[in-house]
Each structure stands twice: as C-alpha cells, then as structure tokens.
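Noted in TrEMBL for the protein shown:
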type	residues	note
BINDING	Cys181, Cys183, Cys186, Cys191	Zn(2+) 1 binding site
BINDING	Cys181, Cys192, Cys219, Cys223	Zn(2+) 2 binding site
BINDING	Cys186, Cys219, Cys225, Cys229	Zn(2+) 3 binding site
BINDING	Arg251, Gly252, Trp253, Asn320, His321, Tyr362, Lys390	S-adenosyl-L-methionine binding site
BINDING	Cys323, Cys389, Cys391, Cys396	Zn(2+) 4 binding site
DOMAIN	37-95	domain 'Chromo'
DOMAIN	240-363	domain 'SET'
DOMAIN	385-401	domain 'Post-SET'
Amino acid sequence: AWYVPCLASLETLQELCRKENLRCKSIGITNRSLKSYEVEYLCDYKVEEGKAYYLVKWKGWPESSNTWEPRKHLNCPLLLQNFLRDKNEYLSRVREGKAMKVRNHVKALKPAIADYIVKKAKQRIALQRWKEELNRKKNHKAMILVENTVDLEGPPLDFYYINEYKPAPGINVLNGITTGCECADCPAEKCCPKEAGFILAYNKRKKLKIQPGLPIYECNSYCRCGPDCPNRIVQKGTPYSLCIFRTNNGRGWGVKTLQKIKTNSFVMEYVGEVITSEEAERRGQLYDNQGNTYLFDLDYDSDEFTVDAARYGNVSHFVNHSCDPNLQVFNVFIDNLDLRLPRIALFSTRTIKAGEELTFDYQMKGSIDLTSDSAEGLSPSKKRIRTVCKCGAVCCRGYLN
C-alpha cells in the first residue's frame, strides 16, 4: 500500500468526522467529544432587542454549524479582543464610522467588515500553524515567530522549510572529509583552518575576525574537539530568535531579530536546493518575470553550482535585499571541503538592535543573482530583467540585479 502525508489540518479532519458522524480517536473525535464545542473565532456581531450577539465558528465544526451566541455565553476574552481589534483596524483603514442600522432596531456590522474579520481570524490561525510547523522543523534552539499586521496574506503555499542543502539529482554535497583535527583545545597549530592554509575565523569571544572574501574552516564531525569548541559556530545554527514579518512597503515578507546582535556575530545560514548553473539560468528567467530573486551563486572557486531557495529554504528565504545591509556573506567549509560547494553564512556587519530588520546585499561577492556589471556582458538571450530595488537606503543603486 502507498502512504502519503495528509495535507488537511486537524480541524478540517475533525469537521469531516463530525459532518459524517464518524469517530476517530487519533484526531480526538470520540463518543464523548463528538458533540463538544469550543470557540475557534468570532465571525460577526449584532444587537437584537437590546442584547448583543456574536456569530461563533466552533472549532472542529463546519461553518454551517455557526451559531449566534449572547455575550454571556462566551468565555474567550482573547478572541473577543481579536474581534474588536480587527473591526477597529478595518474601520481605521477605510475611514468608516459607526455600525450600520437595519430594520427591527437591529444593529449589525456591515458585510464587508464581517468578511474582513473572518479573513483576519483565518489568517491568524494559518500563521499560527505555520509558526508551529517552522519551529518543529528547525534544528536550532532559537524561536521563529511569524507576524502580519499589514494585509491578509497568509503563509506561502509553495515553500518547504529545510535546515541544510537539498541537492538536485546527480549533485553530491558531501564530499571528501574523512579526518579531523586532533586538538585537545582548539585552536592549535594543526587545527582545521591551519591545515587548509588559513587563520582561525573567530576570536576568543566567538566573533568573526577575518575580512570578507576569506573562507571559514570550522572543525568537523571527525575532529577530536567537543561541541564547546570555539571553532564550531555556524554548524550550531542561529542563536537568535527571529520573526518573519510582513513589510509595509511592498517588499513582501521580511525578517527581523527579536534580540540584540553584536557586530561580527553569526546570524543564519542561507540554504536551499543546490542546482547547476545552467539550471539556475533557466529558473532565473522565470523568477525575473515574477519579480523574485532567490538564486545564490556558489562562486567561491567556480561557477558550477547555485543555491535556489525559492521552494526549499530556511528563514533566510525571507531576508530582503538592501544596498546598505547589516549582514555580510561568508563561505564556510565544515564536513565538505569541495571548494565548489561552500556553505553560505550571514554575519552581522554592525550592532543590530532588537526589532530591526535583517538585510544583505544581493550583489555581494558569492551572493544572489548576477551583478549589473556582469549582466552587461551577457549575450542578449541571457540578459536578465532588472528588478527595481525598494530598500530605501540613501545609497540605493535602484535595482536588485
């Protein structure tokens, strides 16, 4: 038999069971709970004969089971608060005043307001589920939050969270590492960076001390040193809690830090699907037409491979471009010493305050897409559509590529 993961939410499955009067213990529908009721969100409001009523969507029940309930029946202060906030938010945006009046002395919300409240409630639930999914899949301790106070956009429909490179068929991203350093206390003379012909990338405070363009060689799984080794930074994952948030100036989603980040600190890795440069050129033409940019050339030693984070990626998928960024790109080698396939790490270029958006320059060496200079030298068939930059920096170049 073939088994595939179910894409329906738990609430959807519960709705189906209740609609068909079925029991399913694995999703919480038993004889006892088949008729249980819990408020999922509030849909509408009216005043009838001097009494306030709310239209209730019951959790795990289809919308056809929604009922009008008096305020005294509702023990859900947070949902009431969300309802009122969403109503006021809509009114403030469209500059409408009071609730409309209908016959029989009934006060009710305008249909457009009620529709907005329902959409906002559904969005809130969808974003909460997405946040939970992201935090289940991540491999680091720091939290990932999700926030949208700008519009009704929900989670991306075609994005899959991964923690490391996903190689396309025929590409091997684990190549050649069979030994590690014998240091009892790194760094020693024969530590991994020295063996590769470079200096240790980090100082005693585990902050970056090398210049952009130089590679980082961290201790690997064969090394004698333990997890507290000062030369194991990128491989531990981001140490900062981050928030994926909706920007208010047309740049889609962005990422902000919820904690202060000091200068030269590791922030996150850029991961995605590893593809050939030929495939990247083909996809790039499609992405340009959509106004998206997710291709990251692995050009430390050659231009053979590219990372595509359009469908597969981590939080870095949502980091926006800036011509005056606070993150810098570095090439990292840990369990793979193939110079064609470095891992891409983003480090802070300055102190970043809590709540500040994280950005990097898509035209950095070894960074996303083609620079405007290199694009000029391409044949007409390979010239790319230029994407307008909306970073707002004083030094903005006007285009992402």
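Keep in mind that glycine also has a Cβ here, set from the backbone N, Cα and C atoms.
In the structure as shown, the Cβ atom of Cys229 (Zn(2+) 3 binding site) sits within 10 Å of 20 other Cβ atoms. Looking at the domain 'SET' (240-363) alone, the prediction's average pLDDT is 93. You'll find the Cα of Cys192 (Zn(2+) 2 binding site) roughly 30 Å from the Cα of Tyr362 (S-adenosyl-L-methionine binding site).
Using a 10 angstroms CA-CA radius around Cys391 (Zn(2+) 4 binding site), the binding-site residues that qualify from Cys181, Arg251, Asn320, His321 are Arg251, Asn320, His321. Rounded to a whole number, the C-alpha distance linking Cys219 (Zn(2+) 2 binding site) with Tyr362 (S-adenosyl-L-methionine binding site) is 28 angstrom. Those same-chain residues not listed among Cys181, Cys183, Cys186, Cys191 yet with C-beta within 8 angstroms of the centroid of the Zn(2+) 1 site C-beta atoms are Glu182, Asp185, Pro187, Ala188, Lys190, Cys192, Cys219, Cys223, Arg224, Cys225, Cys229, Asn231. Spacing of Lys390 (S-adenosyl-L-methionine binding site) relative to Cys396 (Zn(2+) 4 binding site) is 8 Å (Cα to Cα, whole number).
According to DSSP, the secondary structure content of the domain 'SET' (240-363) in residues is 18 helix, 50 strand, 56 coil.
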